[in-house]
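Visitor: Pasting a structure here, questions to come.
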Ligand SMILES: Nc1ncnc2c1ncn2[C@@H]1O[C@H](COP(=O)(O)OP(=O)(O)OP(=O)(O)O)[C@@H](O)[C@H]1O
Ligand SMILES: [Mg+2]
């Protein structure tokens, strides 16, 4: 049976030609970043002095999830390093995911380790075991030994447990910790209220420039997906698939990650059903899965109380299906019960209001103002935009983590 294996296995993927283009961590190259020309050029202007070996401005980037913040920050940093090297300026950048490195020590360690070339500096940066101040001392020595300019991207900066590292980084030059090397910090957050929590001194040095990335519209999402359609084999992608996915994703959030996820999942559905083309109808199914993923990612690293608030709203929605929205006091009651059940003290009503606002900014919930007549005054109602079932399921997965 010389050809038996040919019957058993498919040697070529019938759907995808280059699936990496649709994977989460794929960093699109030149020409594949669509619809962010202004944002990229503003960022470039802010850090431009680095090319002459001068201090770049510190930048804070805000915007909803999937609006290209991390992508553009990395892209501009990469380009800066290349251009600086053409000018014989030694530059590099470090990327820290603060949802992963939440403590000051972890973040400094990551920065020091990622910019260190121990064969040049003779300095070691162990994964753990040193005090925070020792990591800092090594970082300053590494920076001065190797570089003229370093950009530090602190992504998901709101997940840091405190502002100490921001204080250190933004003042390293002034404080005489480093003398050769100039530092620039690019902070990224999807919490619009993040800045309000920041220490005044940190705020003034860290937020020299602020940029807000708007959600994408359907045309931009279509262009973003079109630019990656070579992930699929020729002729496999039904022409209506991308426009449909773009329309859905734009209507819901303007989130490019979700749009790309929908496209990848639609391809996977075609694969698993042995369909020869990726058809428009797969988009609907793919959307469900993308939505669950998106919500899981949105609440990654969020505090227990931030989750309890959502859980409260999900419980209310599931038990009162026909009601559109619940008043703050009602949400707070259920939230308090959840806290009791978890053996945890509840936060003040004011803090819960803030948490609800954060969720509203990310389009997890929607808030509406109502006037209850002269006796009651006005009040706010909160409604989940995510499917309550999805919220409940994802939150219950997370229990105990
Ligand atoms: N303008 C664009 N062109 C091409 N691809 C894009 C564009 N914007 C975003 N993407 C892709 O969409 C995904 C999400 O983008 P990115 O990670 O930059 O979002 P973000 O704003 O950092 O979101 P979050 O707040 O959730 O971290 C990435 O896979 C990215 O490659
Ligand atoms: Mg990001």
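Just so it is clear, glycine is given a Cβ too, placed from its N, Cα and C backbone atoms.
Annotation source TrEMBL lists domain 'AAA+ ATPase' at 55-217. Residues or ranges marked as ATP binding site by TrEMBL: 67, 68, 69, 70, 71, 216, 228. The domain 'Cdc6 C-terminal' annotation in TrEMBL covers 310-395.
Give me the local environment of each listed feature.
Guide: Neighbour list (residue 70 (ATP binding site), Cβ cut-off 8 Å, at least 6 residues apart, same chain): 153, 155, 188.
Mean pLDDT for the domain 'Cdc6 C-terminal' (310-395) in the predicted structure: 91.
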Visitor: Given the binding-site residues 69, 228, which one has the fewest other C-beta atoms within 10 angstroms of its C-beta?
Guide: 228
Visitor: With ATP as the bound species and 67, 68, 69, 70, 71, 216, 228 as its recorded binding residues, calculate the greatest Cα-Cα distance and give it in Å as a whole number.
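Guide: Largest pairwise Cα separation, rounded: 19 Å.
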Visitor: Got a sec? Which of 67, 68, 69, the binding-site residues, have CB under 6 Å of any ligand 2 atom?
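Guide: Cβ under 6 Å from ligand 2: 69.
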Visitor: When you measure from each Cβ to the nearest atom of ligand 1, which of the binding-site residues 68, 70, 216, 228 fall under 6 angstroms?
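Guide: Those binding-site residues that pass the cut-off, since their Cβ is under 6 Å from ligand 1, are 68, 70.
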Visitor: Looking only at the domain 'Cdc6 C-terminal' (310-395), how are its residues distributed among DSSP helix, strand and coil?
Guide: 46 helix, 16 strand, 24 coil
